[in-house]
Amino acid sequence: MLPFMLSSFLGASPSIWPLAPAEAFQLPPCQLINQTVSLEKEGCPKCHPVETTICSGHCITKDPVMKTRYVYQHVCTYRDLHYKTFELPDCPLGVDPTVTYPVAVSCNCGLCAMDTSDCTFESLQPNFCMNDIPFYY
């Protein structure tokens, strides 16, 4: 109905309005995606990229008319995950080359668990590597 009303108002054919405006701007839902992450460990000279799955996408948010003390927003986060182990190459003797990283199995929109997730507005990218930053003495 809305495309017809807009078409009538704007004098255009309904065929140029194939989707309702809200559907046209629909964002991807919270879901598993493949992501390259950089693994690194103190004492090892290089980062190593690995492919894993992470949770990414949008969750329904709310902005209540009457402000309450405890307003929270749902974020796209892990429902289930497991961990994989990887051995970094080129680590010197005496440094354990083993690192463990999470692999998302399923996702959901829920409260952010600050002890296991990065809930900041703009966090470091998954492929960020501290070894790539020059250190000046």
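Glycine residues also receive a Cβ, built from the backbone N, Cα and C atoms like all the rest.
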### Message
Under Swiss-Prot's annotation, the disulfide partner of C76 is which of C30, C119?
### Response
C30
### Query
When you check Swiss-Prot, which of C44, C47, C91, C107 turns out to share a disulphide bond with C55?
C107
#### Entry: Member of C91, C109, C112 annotated by Swiss-Prot as disulfide partner of C44
C91
### Per Swiss-Prot, cysteine bonded by disulfide to C59 (from C109, C112)
C109
### Task
Specify the nearest of the disulfide-bonded residues C44, C55, C91 to C109 (disulfide bond), where nearness means the distance between Cα atoms.
C55
### Message
Between the Cα atoms of C91 (disulfide bond) and C59 (disulfide bond), what distance do you get, rounded to the nearest Å?
### Response
41
